[in-house]
C-alpha cells in the first residue's frame, strides 16, 4: 500500500491544502512534518470555507487520523483555538482522531517577540517573516535550549526551563530595542494550562506511526510552505527555517525513508511569492495585478498581497529534482482563462548569458531576467469541467507543454476553490 508525500513545488501557497483534503479520502492518516502556523490552508467544501494553520487539512474527514510530527514547531495557543473552532462545527467529534508528537518544539511568547523585533530592526533587509516565532523556535531547537510539548506536561520542568531561558530572551529583546511584557509566573501558568489541554493528544508519534504501518494503514504526508523556501534548497536567506522538501517528511515524524512510495508536487498554473527574495518571472504590471485579483492572491495567514508572475519552468524542474517528484498537481488553471496569451519562463538571462537551469547562487537569481515562451490563451471558463477531454484544446496544450519542460507528468488539475472542482488524472495512492 503506497504512502504519499505532498509538497509545495514553488514558493508556498500552491493549494496543497485542497489537494491533501482531496487525497485524504484514500489515506488513513495525514501527517504534518515541518513548519508551524506560518502556513495557512484554505479549504472550501460545499461552499463552506475553513482556514487551518496548524492542524492537518485531513481533519475535515470523519474517521481519519491526523498527526503533528516532531518536525513541526507548535504554538499551543493556535492549536487550542483550532480545536475549539473545529469542535464548534462538529468537525472533531473524536479526540483520538488527532495526535501530536511529544517531541515537537513549542513556540513560546519570547519567540514571537524576538521574531517581530528582529524583522523591524532589519529595515529594508526584511525577509518577510510572518512574525509568529517560527524561526526563533527552530533556532532554539538547534541550539538545544528549546522547550518541547513534553515539557508543558510537567509543571516543575516547565517552570525550570522558562526560568533558564527567559533572561537571555529578555536580554536579546533589550538589544533590539523591544520591551514586551514577559512575566515569568504568567507564562508558566498559561503554558501549564495549555499543556493540560494538549495532553490528551500528545503521544510518541514515531511509535504510533510505526504501528499504523504495521497494521496496513496508508499515510499521507502534508508539507507546508514550498520547495523554494527550504532552508537548504531554497533562495537562501529568503527562506523559512525548516526543510520543506520531501526528504524531510520522514525525519519530521520519526520514520525511515522506505516509508515513502510517491511524491506529489503542487504547483499553480502561474506562480506567486510572499515576502522578499529573487523571483525572475514576477510581473509588476497590470497583468500581475490581474492575476492577483482573479486568483485572490492574498496570504491565508498574513493577508498580505502575494507577488505574482508567470509559471517558472526552471524553478519547477528544480523542485522536481530536489523532491524526486513522481507527479504534479496543477492548481488554479481556471485563473488563466481569458488571457489572450499565457507565458512560461523557459530560461534566465543573466549578465548577457541565457541559462536553461536554475542557478544555485541566489545572487545570480536576483539579477536574472526571465526568458519566456508564449502560448495562445483560452477564453472558456473551466470551473464546471470535470474531465481532461472537456478542457479547451489550448488549456490542454498548456498543461502538456509544462509536462515537457519539467519532465514530470501532471496527474491532477484544480479548476476552482471547491473540493469538487478537481480533475484527478492519476491517483497517487493507486500509481
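Cβ from N, Cα, C; glycine included.
Swiss-Prot lists 12-18, 40-42, 306, 332-334, 414-416 with the feature GTP binding site, giving sequence analysis as the kind of evidence. Under the heading IMP binding site, Swiss-Prot lists 13, 14, 15, 16, 38, 39, 40, 41, 130, 144, 225, 240, 304, citing sequence analysis as support. Per Swiss-Prot, Mg(2+) binding site is recorded for 13, 40. As annotated by Swiss-Prot, active site, proton acceptor applies to 13. Residues or ranges marked as active site, proton donor by Swiss-Prot: 41. Annotation source Swiss-Prot lists substrate binding site at 300, 301, 302, 303, 304, 305, 306, citing sequence analysis.
Only 41, from the recorded positions 38, 41, 303, 304, 306, place their Cα within 10 Å of the Cα belonging to residue 15 (GTP binding site). Here the Cα atom of residue 42 (GTP binding site) is found 9 Å from that of residue 13 (IMP binding site). The distance from the Cα of residue 38 (IMP binding site) to the Cα of residue 306 (substrate binding site) comes to 15 Å. Using a 10 angstroms CA-CA radius around residue 130 (IMP binding site), none of the recorded positions in 12, 18, 41, 306, 333, 415 qualify.
In this structure the alpha carbons, written CA, of residue 41 (active site, proton donor) and residue 415 (GTP binding site) are 17 Å apart. The recorded positions considered are 18, 41, 304, 306; of these, 304 has the fewest other C-beta atoms within 10 angstroms of its C-beta.
In this view, the densest Cβ surroundings among the binding-site residues 12, 40, 303, 305 belong to 12, judged by other Cβ atoms lying within 10 Å. Here the Cα atom of residue 306 (substrate binding site) is found 17 Å from that of residue 333 (GTP binding site). With 13, 14, 15, 16, 38, 39, 40, 41, 130, 144, 225, 240, 304 listed as the residues that bind IMP, the site has a largest C-alpha separation of 34 Å. Here the Cβ of residue 42 (GTP binding site) has 18 other Cβ atoms within 10 Å, regardless of which shown protein chain they belong to.
Summary: among the binding-site residues (333, 415), the fewest other C-beta atoms within 10 A of the C-beta are counted at 333.
Residues near residue 302 (substrate binding site) in space but far in sequence (CB under 8 A, at least 6 apart, same chain), listed by position: 130, 274. Taking the Cα atom of each, residue 304 (IMP binding site) and residue 333 (GTP binding site) are about 22 angstrom apart.
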